[in-house]
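Okay, structure first, notes after.
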Amino acid sequence: SQVVNYAPFTLLPSAVPSALFEQAYAVQQDFNLLVDAISQNKEFLERTLASTIKVDDFTARLFRIYTQVLEEGLAQSVFLGINRSDYMFDCGVDGTPALKQIEINTIAASFGGLTSRTAAVHGRILKVLGKPKEASRLLPNNPSKGLALGIVKAWELYGSQSAVVMFLVEEVQRNIFDQRCVENELWDRNIRVIRKRFRDVFEKGSLDDARRLYMDGQEVAVVYYREGYMPKNYNQQNWEARLLLERSRAVKCPDIATQLAGTKKVQQELSRPGTLEGLLSGHTEAVARIRATFAGLYSLDMGKEGDKIAAMAIADPDRFVLKPQREGGGNNLYGEELRQVLEKIKDSPERTSYILMDKIKPQPAMNYLLRAHSPLQVSECISELGIFGVYVRQGKEMVMNTAAGHLLRTKAIEHADGGVAAGVAVLDTPYLV
């Protein structure tokens, strides 16, 4: 119907190397610590984003709210991070697959709900195909519960039994059932949930003298953003609503510093020698685990080094991906398009709003992608593994740090970029091999 559509999925689960799957889980708590450390490091964020905020208006406006809130003094004392670190399996020269991070999403990381249902679907399909033994090998996976437990912890630490959790949602909610899975976990624990848009916050949101946030007369303990990660989510009213939320005592997931910690520019800076050591001093093993997942990342800052890298990418565009400072999928540039854009901006400061990354080359496999109104045909596919991370910090003390489940998305190889919400990838289940 025009109202409801089924979430797209693969007919069969996809093979995932168990060693790489375990590696992705093992490094997630390290990434949680890293994101949290970056969000608390004003000097690092200022230095890293200095060139980007000159040429990228969206990042600049987020940064202005960030500095304004810091100058006023944070009312928020409990911090909740829900992120998703995404990887692909890169087949090197010798064909051995290696885990390589694509990005880490620190705002509105989605599909924790729907992927909680996917293993049961694939288990049923395998049984129908007469493969009960294979069906029993699929791992249970319930990120919606894991994400909800993070929200519950933050709500408890906020310390008001009557306060509500507010899901900040889009004007048009195409992914509502994914969010409902997390929401229902909260109702099951007797925590009230309200769903509001930026527009509602602008019209009805207010702060009292203690900077407690109220919506329609109800105190809000936690604001869980499922919106607000791209420029088109904002008009002047919405920017004002965002500022109001950030100034409040409510636990924001994420607060604006954590959203900035997830920018592509920060990702590129982290790959520089010495940066991780500076941010996670005393965590030598964590640094090594994180660094092992990095793909090659290159700076396009103005100067000789940036000139050389731009020229290298123009000469051999198929080796690289050009990424703007955007979330939500479908923004990256490849091949001829990458070459044309770089040719155009190679001598302009505009190039600093992008990062360049080595293109990961996974081994394709055959599967069927089930989508509404699409013909059923076997396709050559590649998969991307996401691990959900949840952490809660109160003051300086980390009170929760965990990996909350996984998400496997699969797409046909002709699509270079884009996730499930962008209409390219479909939900999948890992079959460990």
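The backbone N, Cα and C atoms fix where each Cβ goes, and this holds for glycine too.
Where the annotation comes from TrEMBL, it is an automatic prediction and has not been curated.
Taken from TrEMBL, the feature substrate binding site covers Arg84, 107-110, 173-175, Gln179, 226-229, Arg409, 420-421.
Sequence-distant contacts (6 or more apart, same chain, Cβ under 8 Å) of Glu103 (ATP binding site) comprise Ser85, Asp86, Gly262, Lys264, Gln267, Lys323. Per TrEMBL, ATP binding site is recorded for Glu103, Lys264, 323-332, Tyr334, 357-360, Glu384, Lys411, Asp417.
Per TrEMBL, the feature Mg(2+) binding site maps to Glu103, Asn105, Glu327. Cβ neighbours of Asn105 (Mg(2+) binding site) (same chain, under 8 Å, six or more residues apart in sequence): Asn83, Arg84, Ser85, Asp86, Gly262, Glu327, Gly386.
Secondary structure counts, DSSP: the domain 'Glutathione synthase substrate-binding' (163-261) has 40 helix, 26 strand, 33 coil. Look at TrEMBL and you will find 163-261 tagged as domain 'Glutathione synthase substrate-binding'.
If you count neighbouring Cβ atoms within 10 Å for each of the binding-site residues Arg174, Lys359, Lys411, the highest count belongs to Lys411.
When the alpha carbons of Glu227 (substrate binding site) and Pro324 (ATP binding site) are compared, the span between them is 19 angstrom. For the domain 'Glutathione synthase substrate-binding' (163-261), the model's pLDDT averages out at 97. Closest to Lys411 (ATP binding site) in space, going by CA atoms and restricting to the binding-site residues Ala108, Ser110, Gln179, Tyr229, is Ser110. Between the binding-site residues Tyr229, Tyr334, the minimum number of other C-beta atoms within 10 Å of a residue's C-beta occurs at Tyr334.
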